[in-house]
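*Asks:* A single structure is presented below for examination.
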Amino acid sequence: MNRLKPICFNSPSQKSRSSMNIILSLPAYLIVFALGASIGSFLNVVIYRIPAGLSILHPPSRCPHCLTRLSPSENIPVFGWLWLQGRCKHCHAPISSRYPIVEATTGLLFLVIFFSFPTLPQILGYWVLFSWLIALSLIDLDTYTLPNVLTQSGLVLGLGFQLSQSPSPSYGLMMGIIGAVLGLWLFDIISFVGTLVMGQTAMGAGDSKLAAMMGAWLGWKYLLVGGFIACLFGAVVGGGAIALGLISRRNPIPFGPFLAVGAAITALWGHQILSTYLGLFFPLVN
């Protein structure tokens with residue numbers, strides 16, 4: 001018996017329909033990117049002011065050199081910096097390129113999340129998580145600290161996210177709490193063992209608190225995935241930097257950015273990573 005031919009999804013009519021959908025969706029994509037870039041602009045304020053003990057709301061954005069308040073046109077994410085050609089309009093001092101990079105990166109990550117998750121609560125939740133991760137990563141790179149005000153508030157928001165996503169709120173809250181406790185204890189143990197082996201402090205207390213925040217958002221299973229990815233990236237980057245002579249073994253390396261990368265990768269692809277791992281090594285479990 002002849003089999004029916006499968007429907008061809010790449011027919012010209014369907015290609016044109018798909019192209020039309022993309023064109024019609026462009027305004028939505030631009031809005032999402034603009035929203036993310038605007039959040040990135042605010043994150044630049046958070047990254048600079050929280051470690052300095054300054055208010056994140058007042059005064060408004062200004063030149064870090066002459067302290068002149070930026071006009072609305074100068075404050076447009078990404079384009080404001082480009083329009084000023086990376087220099088203050090008033091004192092002509094250079095403005096760090098990190099400002100537009102953070103804005104553009106946040107906008108792109110908002111788009112990735114928008115495409116990756118099917119429901120609005122998930123999209124909003126992961127927008128919040130990634131915003132916290134960006135701020136914490138760059139603060140750690142700048143100051144070798146992870147402020148409690150961010151890790152603790154992020155943990156509480158993660159528990160709230162678990163509550164909103166689970167069919168049983170009590171179960172979701174329990175999974176979030178277990179993940180947070182496991183993250184705190186696990187990285188405290190890693191820090192203790194690393195300190196014994198290396199003869200110097202291996203991790204700061206902030207890293208364990210960030211791991212607890214990750215556990216609250218991701219749950220205990222995906223915390224392990226994210227933690228493994230973080231350790232892998234940390235070992236490769238740190239080991240590579242030492243091998244190339246860029247740093248010595250005694251130089252501290254902020255681990256927060258690696259935890260953030262592990263959390264981000266796990267949030268986006270953790271299910272596929274865990275399923276692949278279980279399928280390869282524990283096929284009966286999977």
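Note: Cβ is positioned from N, Cα and C throughout, glycine not excepted.
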*Asks:* Checking feature assignment: transmembrane segment per TrEMBL, candidates 133-157, 258-282. Which range matches?
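*Replies:* Checked against TrEMBL: transmembrane segment maps to 258-282.
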*Asks:* Return the average pLDDT for the domain 'Prepilin type IV endopeptidase peptidase' (127-238) as a whole number.
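*Replies:* Summing pLDDT over the domain 'Prepilin type IV endopeptidase peptidase' (127-238) and dividing by its length gives 93.
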